[in-house]
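A.B. asks: The structure's right below; bear with me while I get my questions together.
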């Protein structure tokens with residue numbers, strides 16, 4: 001059963017449309033579905049709201065600490081409400097999946113994602129759920145015949161907005177995720193993964 005859904009991203013209007021904020025996009029959708037407003041909660045270092053989703057109470061959180069300090073916000077809320085690591089779902093952008101792909105898993109490494117790394121360090125465990133929203137890697141998304149250059153490095157790539165066709169694929173992946181989340185929130189992870197990984 002999931003009691004806390006954390007969307008990863010960077011605060012501020014200048015980052016709102018960037019690939020690194022894919023986690024924020026999904027949590028924004030959940031807030032709309034739950035008819036709640038994410039409010040600045042200084043004790044949790046982020047925007048948070050408690051929503052009733054699919055007949056379950058779930059906390060929604062968007063850390064406002066910048067990506068590399070996401071663990072600070074996640075642990076503050078989880079400890080306050082006595083939420084266990086395996087009751088937490090972290091939604092994040094994933095370079096190793098193409099736009100349109102999305103994967104759900106429990107545990108595993110951080111894959112070089114600094115937000116995940118910081119959350120694992122603060123929770124002192126890797127055993128939390130991750131929803132990996134594919135954004136692609138600059139080496140896979142270059143036009144044919146284009147050689148990678150400095151401007152295509154990963155740090156620059158994740159802080160840019162996706163191209164229109166990529167954004168459409170990411171939006172579709174988020175919609176598919178929302179279809180699978182009721183099962184995960186209710187504690188049926190196997191069915192959620194089957195639904196997510198065998199569609200689209």
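A Cβ is built for glycine as well, from the same backbone N, Cα and C atoms used for every other residue.
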A.B. asks: With 15, 66, 68 listed by Swiss-Prot as binding tRNA, identify the candidate in 40, 114 belonging to that site.
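C.D. replies: Checking 40, 114 against Swiss-Prot: the tRNA site match is 114.
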A.B. asks: Compared by Cα position, which of the recorded positions 10, 20, 93 is the closest one to residue 66 (tRNA binding site)?
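C.D. replies: Considering only the listed recorded positions, the nearest one is 10.
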A.B. asks: I want to check the contact list for residue 10 (site 'Discriminates between blocked and unblocked aminoacyl-tRNA'): same chain, sequence separation of six or more, C-beta distance under 8 angstroms. What comes out?
C.D. replies: 18, 20, 21, 66, 67, 159
A.B. asks: What is the number of other Cβ atoms found within 10 Å of the Cβ of residue 20 (active site, proton acceptor)?
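C.D. replies: So the Cβ neighbour count for residue 20 (active site, proton acceptor) comes to 22.
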A.B. asks: May I ask you to report the DSSP-based helix, strand or coil state of residue 93 (site 'Stabilizes the basic form of H active site to accept a proton')?
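C.D. replies: Note: residue 93 (site 'Stabilizes the basic form of H active site to accept a proton') is in a strand by DSSP.
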A.B. asks: By the DSSP assignment reduced to helix, strand and coil, which category contains residue 66 (tRNA binding site)?
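C.D. replies: Once the DSSP labels are grouped into three classes, residue 66 (tRNA binding site) ends up as coil.
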